Amino acid sequence: MTSQPADRVAYNNDLTPVEDAGIEGRFQQLPGPSSPRQTPHTKSSYSQEARAARCASAASRAEYDVPDTYENLGETANIPPVQNPDEESVHRYETLEQERAREQSYARDRRRQDEDPATRAAVQAEEKAEAASYPVSKKETQIYTLSYLIFFSIFGTLARLGLQAITIYSGTPIIFTSVWPNFAGSVVMGFLAEDRMLFRQEWGSPSSNGADTERGSVSVDSEGARKAHLAIKKTIPLYIGLATGFCGSFTSFSAFMRDVFLALSNDLPATNAPSRSGGHTFLAFIAIPLITISMSLAGLFFGAHMANFLEPYTPSLPFLFTSKILDRLIVLLGWGCWLGAIIMSIFPPHDSWRGTATFVLVFAPLGCLLRFYISLRLNSRAPSFPLGTFAVNIFGTAVLGMSWDLAHLPVGGVIGCQVLQGIQDGFCGCLTTVSTWVAELAVLGRRHAYIYGAGSVGTGLVMLVAIMGGLRWGDGWNPLVCTH
């Protein structure tokens, strides 16, 4: 993978940037006790140095040849939710717009290089040599990534359905069940985005130059180390599978918007009153967005804070296990689980399984993979407005609205109803995401975040009013004919 100049940063003995370090952000020899720019060791500097020594001792290069388009995933942005974990008095904050603007500038430079035949030939030769140096080829990286996405989309969908099931009980204070998966998935997303220990062995290995990394003997730019780790982490298929596959499928923007509409139409479970005043309808309508968005954002930052708090105790995944065993095993597990869901849908032990799980698991990977590819293509188009995430959330919401209407019409029979349930919970649930959405809201500039958030909720609601409202306030919905 050819990285952008902004990512190609390492540090030499006097902590000045070394430009040709690559996206791996690997560090050259760390400064020892005799470094000319070593600063007095305060309690704050000790904590920063301990973190830097543990996380950034001397990193090795990236193992995976990752396509450049992976930069466009909202889950792999180089900006974590907590940008100043050490609470320094002076800190420069960055926004997603700045990160994406650098990516666009890099892409324009690459296009200009490609227009010059001589430069293009040199760049192609350099890329060919670089690709040959990666232990894992680009094609293998893509296969591993897709396999992780399929496996974790199924796992995330099961987690969402299970959490929704256990949060439905008599007397529950929150009657719309989509809020709990959205909160829990955002917690996991925040932890993954902020964590620097799980993939430490994939990012770097202990230095062979004998640099002393004991407490009080290392002075490292911990912010530079942090950015370097973020840059390398997003090249790891397992991380993409967890963030894009699991978290994106655990949370569901379309289910969130469905609950907003059901509150507006007085159709939420256990609230079917004969009539409701306009004021009460308005309160019910605004309650769900306020609760869902605030809880999801709170979950994102809580997960990030937990990653920082647990950093001294978080183990690192063994590099040899993930690269030599798990990457290859997941190809069988991911595609095998998907094939198993298809077979179980054709030959279910009980017919009710189709509506509750098997059809959902058949459609789940389709939604996750479509979201993945749309994000790759569209997220870089507008730095201040993640167009890919917006597109999948609105499209998935529209598909859910149409499936909901069809399921509440007296057509299709039981099998047709179960298929539509599978499309709603599986395809739409995995196509749309709240965890990525709130992660983008957290790092966008304030003005753009409000525009993006309000635009997403407003457009989704207008879409459902147009699709579901006509039947609901016209002929009305018929009861479901399937058991789920």
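Backbone N, Cα and C define each Cβ position, glycine as well.
Features of the protein shown, as given by TrEMBL:
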REGION    1-66  region 'Disordered'
COMPBIAS  31-48  compositional bias 'Polar residues'
REGION    71-90  region 'Disordered'
COMPBIAS  96-118  compositional bias 'Basic and acidic residues'
REGION    96-132  region 'Disordered'
TRANSMEM  146-168  transmembrane segment
TRANSMEM  174-193  transmembrane segment
TRANSMEM  236-257  transmembrane segment
TRANSMEM  282-304  transmembrane segment
TRANSMEM  325-347  transmembrane segment
TRANSMEM  353-373  transmembrane segment
TRANSMEM  385-404  transmembrane segment
TRANSMEM  449-471  transmembrane segment
- [ ] Any chance you could find the range in 146-168, 174-193, 325-347, 353-373, 449-471 with the most Cβ pairs under 8 Å to the transmembrane segment (385-404)?
- [x] 449-471
Open item on the list: Test of understanding: applying the rule of at least three C-beta pairs under 8 Å (pairs 6 or more apart in sequence), is the transmembrane segment (174-193) touching the transmembrane segment (325-347)?
Closed with: no
Task: Selected stretch (most C-beta pairs under 8 A with the transmembrane segment (174-193)) from 146-168, 282-304, 353-373 - done: 282-304
Task: Chain residues in Cβ proximity to the transmembrane segment (282-304) (below 8 Å; excluding those fewer than six residues from its ends, i.e. six or more beyond) - done: 80-82, 174, 176, 178-179, 182-194, 251, 256, 259-260, 263-264, 266, 268, 271, 276, 434-435, 437-439, 441-442, 453, 457
